[in-house]
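Engineer: Pasting in a structure now, in structure tokens, and then I'll have a few things to ask.
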């Protein structure tokens, strides 16, 4: 039985060729801009000496990447290796108490790293939210949790709390806000899960074991309390067939990708160039499109690798942590756009799905998205850039539902019903291509700057029209169709009887 929305094979080959040539073309423009401007004054701080073998400087503009895989690499590896060793020993000796060992080791690591005043601050958040959890009123848990989160995101409360932490070292700010922020979100998850518990309450020790699990403590991802509690208290510690092989393979893959990214940073200064608006204004439309796209791809790669390293450790502890985010290249709908699956799962479970239900009611969806992005804005730290990012992404999510509702009504639904599946897919692909670039523009402003996003938008939509606009959309359309083909094949593997499908996950099948 054939899939209605399948495209001819030669057409897919053509899409692949066009996409490949376009990526090489855009990459050549970025390489040229990087090579010709390597000695610019604006590049001095962020373009630094790289590997001796290449004889070129490398882009070191991303503090987070350099922190993880260069500056503090040994410190992070030492802490995680210690956790793995202790976890393995006590999992073998006392599997029933391994969650206690996780919490004790994590608490001691935090205490040694940040000092007793920081530990006291984190514990105070835990005590307050645990006390609220005992009341078993969800609105009160949200009020207390969001107030605690606001206290580390808004002035003057955050400066007052930060001043409590004595000492000074390069990572102090990152660890302070990361540890406090993730702790509060975990405590909120604990409180909300306790509200759903019909008999009795979880103990304060359960909260501490959950919160001080070291691999997740400072950098995430967030694993909701119900999942963590069930998995960490499982005493049947068995491995699936070839599971250790898969863990080793993923670890080696992460190492390989880290090396590849570092090599790319020697030739493509995708992070430094957008910060120099004088240079950016002189670049071609293709170079700008490539920079915007590559910045989002890089941010996805960074999130996938950082969370992948942590998840590898968690998997060794017999946990099933949140999966890495979906690749930006595979996204053409706002409903699947996220860079931190842990936060995304948390928001979906406790806010978005809780309010929005099945997400087919316009006003319920509007309320759900507004509440979700309000909490996201607080999580990221309220400022003008975050407000703009939240507004446009909230609008994009709702606009998709409005368009879907519109096309489900006659006469548009009737017209589509008369079309062949392949033609319907092609038309949808045009809209998805335009949607892909709205996702790029709405998110690149949070990664680079509002000025860069506005410049890219003006050049691709207005000044570059029609040649640059249509050519970029054509290339994007080819990419979208290849993604849809991959989703179609995955849907066939999951459901050999092609009676339903998905577009962005939801395509028609006969």
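Cβ from N, Cα, C; glycine included.
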Engineer: Which stretch does TrEMBL mark as transmembrane segment, out of 43-70, 127-154?
Structural biologist: 127-154
Engineer: Taking a Cβ cut-off under 8 Å, which residues six or more beyond the ends of the transmembrane segment (127-154) line up next to it in the same chain?
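Structural biologist: Residues 161, 177, 180-181, 184-185, 187-188, 190-192, 194-195, 201-202, 204, 207, 375, 378-379, 381-382 contact the transmembrane segment (127-154) from elsewhere in the chain.
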Engineer: Under an 8 Å Cβ to Cβ limit, what residues of the same chain, 6 or more beyond the ends of the transmembrane segment (251-271), are close to it?
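Structural biologist: Residues 27, 30-31, 33-35, 37-38, 43, 46-47, 50-51, 54, 56-62, 65, 69, 291, 294-295, 298, 301, 305, 308-309, 312.
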Engineer: Look over the recorded stretches 75-93, 427-445, 465-483 and say which has the most C-beta pairs under 8 A to the transmembrane segment (12-31).
Structural biologist: 465-483
Engineer: Within the same chain, where does the transmembrane segment (427-445) have neighbours whose Cβ lies under 8 angstroms from its own Cβ atoms, ignoring anything closer than 6 residues to its ends? I mean 6 or more beyond.
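Structural biologist: Result: 292-293, 295-296, 328, 331-334, 337, 385, 388-389, 392-393, 396, 400, 403, 416, 419, 452-454, 456-457, 460, 472-473, 476-477, 479-481, 484, 503-504.
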